[in-house]
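Working notes for the structure below.
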Amino acid sequence: MSAYRSDVASDKVTYDPNNEASPYDETQELKGEDEQIIAPAGTTDLNDVQLYGYNPFEAQKEVKDHDFVDFKTMGWFVAGLVSIAESMGTGLLNFPNTFYQLGMVGGIITTAGAALLTYFAGWIMIDFRNRHPGVVSYPDSGAVMFGKWGRIIFGGGLVVKTMAVAGSHALLVQSALNYLSSHAICGVWWAFLCGVVSVLMSLNREWKKTHWLSAVSIICLFSSSLIVLGGVATQPDSVLVKNGVPIQWRATPAKPTLISMITAVSNVVFALGGNSAAFSFAAEMKNPNDFKKSFAFVQFAGFIMYITIGAGIYVAGGQYVTSPAFSMTQRPVQIAAWSVALVTLMISGILVVNVAAKYLYVNSLRSSPLLTSKGLRARLIWVGFVSAIWIAGFVVCQLIPFFSPLTTIIGSVFTTWFSIGFCGVMWFYNQHPYFAAPGEVRRIDTPFKVFLFGTAILCILFGLVITPLGIYTAAISIRNGYRTSSYKHPFSC
């Protein structure tokens, strides 16, 4: 047996200095059903194990029982609910255009393939976390695999990606309220209001306390999507038809180009890439390994919703689909759909920002009693991190004229690798014999291990292909935007 052991459900580690067996020796029998060996391969320094060998949310439980917030309270269903709301926003109404770009058959196959690939990428992430219970965010996994610089690079990427998402949500809320109010005030104020309200709705640090927001967000998202679908399906064809060309949908792409295909595939992967927040959610579950069940629920629900809305609106609107699909309907329907979707726009942005804020919060207070304190100081630190991300997102989205293609570049680099690419790296780090510590036995000797080996390779290849193509697509968009003078001035109303 190994000197380092943990119980997956409790995230606790014990150390036996008299047991010198190699960590991660998969040939050794475990005493308990839920026990796993968690010391990093080759680790001999107990301090390393202490840092990532236990969940920091449990560190003060016995010492400070009188001033302790129990973060580990989520079951698999609540975790799945929060994960759906965090990963699925009004991007759902971009899917009809994705089906137009890929064709009906291509859209269904791509959506199913992306759902499966990201699910097993998430499976790899949870296996990785089970061996390193101290990993409560993506940058922590970077620290385990690559040391200090891994944490810095992954952490910087997570924060930059989240600031971009915060800015995107602020702009979407700005567009929605501009439309609903007929530009009653300068749109910048709507974006600013979005940030203020989001901070006020983010006072709770625990993920479980966002489950009611998550449920409301999902209901409003599906409701607004059904309003658009119903509006497009029942309105006269004349609302969409131009030059007498009838509405028509195709099983295959009509005029595929490299840029359109890469953009469509990337959108599908980004939409189904909710596993990038898996570490954060699993860390606050009663049994973190149950997130595999949660994420199966997430991907199944996502697949059904994306297929229903994407294919349904594409069939009803054909080649006249827009992105997002709100503008395909008449004004009364648009007002109803935007009004309901506005709730989802706010909540999904809040949840995404909270993922990065939780990383900053834990990284700053990992060894401090303040991490799980009920006190005002701990709460102010949390609100400070949330506010900083929203302020940065607001300023950047208003300041940079080509913000939209910039978010594509950021997504191609970070979202692609956080959702898929680095998951393959994690599998090799934890499971492949080449990376085993001296004396450690690792074998790829079962069909499922072979399957995950192939999945890991596919994840890495996907990241290597999509990243440069996504950057190229965004660069072309920026060039064309400047050529046509389509960009607005900073802080333009």
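Cβ from N, Cα, C; glycine included.
Note that the coordinates shown come from a computational prediction; the quantities given were computed from them, not determined experimentally.
Straight from TrEMBL, the features:
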REGION    1-30  region 'Disordered'
DOMAIN    73-440  domain 'Amino acid transporter transmembrane'
TRANSMEM  74-93  transmembrane segment
TRANSMEM  99-121  transmembrane segment
TRANSMEM  179-200  transmembrane segment
TRANSMEM  212-233  transmembrane segment
TRANSMEM  258-283  transmembrane segment
TRANSMEM  295-315  transmembrane segment
TRANSMEM  335-360  transmembrane segment
TRANSMEM  380-403  transmembrane segment
TRANSMEM  409-429  transmembrane segment
TRANSMEM  450-478  transmembrane segment
Between the transmembrane segment (409-429) and the stretches 335-360, 380-403, 450-478, work out which stretch tops the count of Cβ pairs under 8 Å.
450-478
Test the contact criterion for the transmembrane segment (74-93) and the transmembrane segment (212-233): 3 or more CB pairs under 8 Å, pairs 6 or more apart in sequence, then answer yes or no.
yes
Feature contact check the transmembrane segment (179-200) with the transmembrane segment (258-283), CB under 8 Å, 3 or more pairs:
no
Positions on the same chain near the transmembrane segment (212-233), where near means CB under 8 A and six or more residues out:
81-82, 84-86, 88-90, 92-93, 201, 240, 305, 308-309, 312-313, 316-317, 325-326, 328-330, 333-334, 336-338, 340-341, 343-344, 347-348, 350-351
If you count Cβ pairs under 8 Å, which stretch among 179-200, 335-360, 380-403, 450-478 touches the transmembrane segment (99-121) the most?
450-478
Can the transmembrane segment (179-200) be said to touch the transmembrane segment (380-403) if we require at least 3 CB pairs below 8 Å and skip pairs under 6 apart in sequence?
yes
What parts of the chain pack near the transmembrane segment (335-360), using Cβ distances under 8 Å and only residues at least 6 beyond its ends?
82, 85-86, 88-90, 93, 136-140, 155, 158-159, 161-163, 165-166, 169-170, 172-173, 176-177, 179-180, 194, 197-198, 201-202, 205, 207, 210, 213-214, 216-218, 220-221, 223-225, 227-228, 231, 277, 280, 326, 329, 382, 385-386, 389-390, 393
Sort out the residues at least 6 away from either end of the transmembrane segment (380-403), same chain, that have Cβ-Cβ distances under 8 Å to it, and list them.
159, 162-171, 188, 191-192, 194-195, 198-199, 202-203, 205, 353-354, 356-357, 360-361, 364-365, 370, 477-478, 481-482, 487-491
